[in-house]
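Notes for the one structure printed next.
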């Protein structure tokens, strides 16, 4: 009897302990440890990093992956000259840093050139390649001072036309239009300042109009006048690089364009006048106290030695693209 | 007797089964399910993405995370003038795309300026900020043609001195030294061409020396002569932007420097002569048939209106940095 009692006790004890152990083990197996939580955190981390990478790489020509960021449509008139490829190269390196940017390049030409076509294809940017020639009587002649005739008017208007024909003008059209000449210098911060423009936003431009900088003067959050060295009474004494227009405003005002017949210095006003009043302007760049864009100009390279060598049949190989 | 027999059997059976079950459960608990494998894959993915991001962003001033890529040490002399900030801005936007780049900026100044200090701190690049003034008799005077005196000599030599004092000259010193003026234009491909330089690599430069481009002429993989518009008999008729030197060569030849007293056009030769022969040059850019860098120059902005306004006390606010 004693032996039976002992065995039964051992059995009951073992049974109880092992049952508890089994329940414990089953509970932990069912939880899959805690790796599902780690998993989600890591998935989110990977998503975030991929998003950043794509925007930094200006990945491919397909539509960018961040639909909630307004698109910056940059319209750049360009024309063939010795420094063109260099200018486009360094400009593209700026734009590659800017997320959700669509570059509209408009050649002053009766057809797309190989140089610009190949360049854009390899730029890594989302782009549209247009072309329209400037009428002969509007072109600057050799020896003309560069301010004599406004440049790029037809090309900017062509950019506007493309936007109006190709971007849907619905309520959700979110974006901003910026006219960026190919020889200026742009900080990256500038693009984030302009991105959320509601109508027309403005900021100072460095090294323009014979001044250290030109720009709006802001008091109590509103533009009250303009700091400029020339004809401050112009409706909008701004440089082309000193403002951006919301896409919605551009699409809703299909007649707004640049007038190539405007008096000197009034081209910007010819576009803005119908769109906005001075009081409605949105001042950026810390209430227009910071310079985030410079009106740099590139020297025309001298070709004296090239011409001398070419006369001897020893010039640079014309098949080498410069 | 029968009961005892049955109990013993049940007990033995239960003991065996539960023991097996316990062993199984313990094995799986020890493995932490399979999430450790997923974990490692995701960790590797995150590592890889972070590495890519860092190299794209030129992230922070800490040592870059890709030790197997040779470092490109870019030495840039710079001096204060109206377009300086614009030039440095667009140049930094180029460099931000280049992995494993260390920018050595040398001011022509007796002290570090605030403009350049703040600029570099916010550039996002790995940098070293040096300064050394050009002696007065070596400075260009107002009205001097820009080719009259070689510019940036002391500053480049100062950059070389810093490298020799701060980079360990051991067998594993892997890197390349490139002298990049702050107004040229550089394609991103150029930096990948130069990165693996063994001694001195060379390539064409666009828009320099009065030519469409200047550069080495390559036959059967070797440089045989130079295409240039001026004094082709110079030891190395190259522009500063047209060559790069391996770090090892620079460190092993501590006496190699630029000679500011060289005749015009011989500054590059004064550095290269002691380092390499023409036959040893490594031709890049598809055997020197592509232009990947341009000797662009920026116009000096006119300040007539600024001066006129300042005379009336209405000039641009000097606290605004341009």
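Don't overthink the numbers, they just go from 1 along the chain as shown.
Just so it is clear, glycine is given a Cβ too, placed from its N, Cα and C backbone atoms.
Contacts of residue B:268 (active site, proton donor/acceptor) defined by a Cβ separation under 8 A and a same-chain sequence distance of 6+ are given as B:236, B:238, B:239, B:240, B:243, B:258, in order along the sequence. The active site, proton donor/acceptor feature in TrEMBL is assigned to B:268.
Here TrEMBL flags B:77, B:78, B:79, B:108, B:151, B:156, B:181, B:182, B:183, B:295, B:296, B:297 as UDP-alpha-D-glucuronate binding site. Annotation for residue B:183 (UDP-alpha-D-glucuronate binding site): same-chain Cβ neighbours under 8 Å, separated by at least 6 residues, are B:83, B:87, B:296, B:297, B:298.
According to DSSP, residue B:183 (UDP-alpha-D-glucuronate binding site) sits in a coil region rather than a helix or strand. Annotated Mn(2+) binding site per TrEMBL: B:183, in sequence order.
Using DSSP to sort the residues of the region 'Disordered' (B:302-322) gives these counts of helix, strand and coil: 8 helix, 0 strand, 13 coil. Annotation source TrEMBL lists region 'Disordered' at B:302-322.
Less than 8 angstroms from the CB of residue B:214 (site 'Interaction with galactose moiety of substrate glycoprotein') sit B:204, B:205, B:208, B:226, B:227, B:228, B:229, B:237, B:238, B:239, B:242, each of them six or more residues away in the same chain. Residues or ranges marked as site 'Interaction with galactose moiety of substrate glycoprotein' in TrEMBL: B:214.
According to TrEMBL, the feature transmembrane segment maps to B:12-30.
When every Cα pair among B:77, B:78, B:79, B:108, B:151, B:156, B:181, B:182, B:183, B:295, B:296, B:297 is compared, the largest distance found for this UDP-alpha-D-glucuronate site is 20 Å. Taking the Cβ of residue B:77 (UDP-alpha-D-glucuronate binding site) as centre and 10 Å as the limit, one finds 26 other Cβ atoms among all the protein chains shown. Applying an under-8 Å Cβ distance to chain A, the recorded positions B:77, B:151, B:268, B:296 reduce to B:296. Long-range Cβ proximity for residue B:181 (UDP-alpha-D-glucuronate binding site), meaning a same-chain Cβ under 8 A and a gap of 6 or more residues, is found for B:76, B:77, B:152, B:240, B:241.
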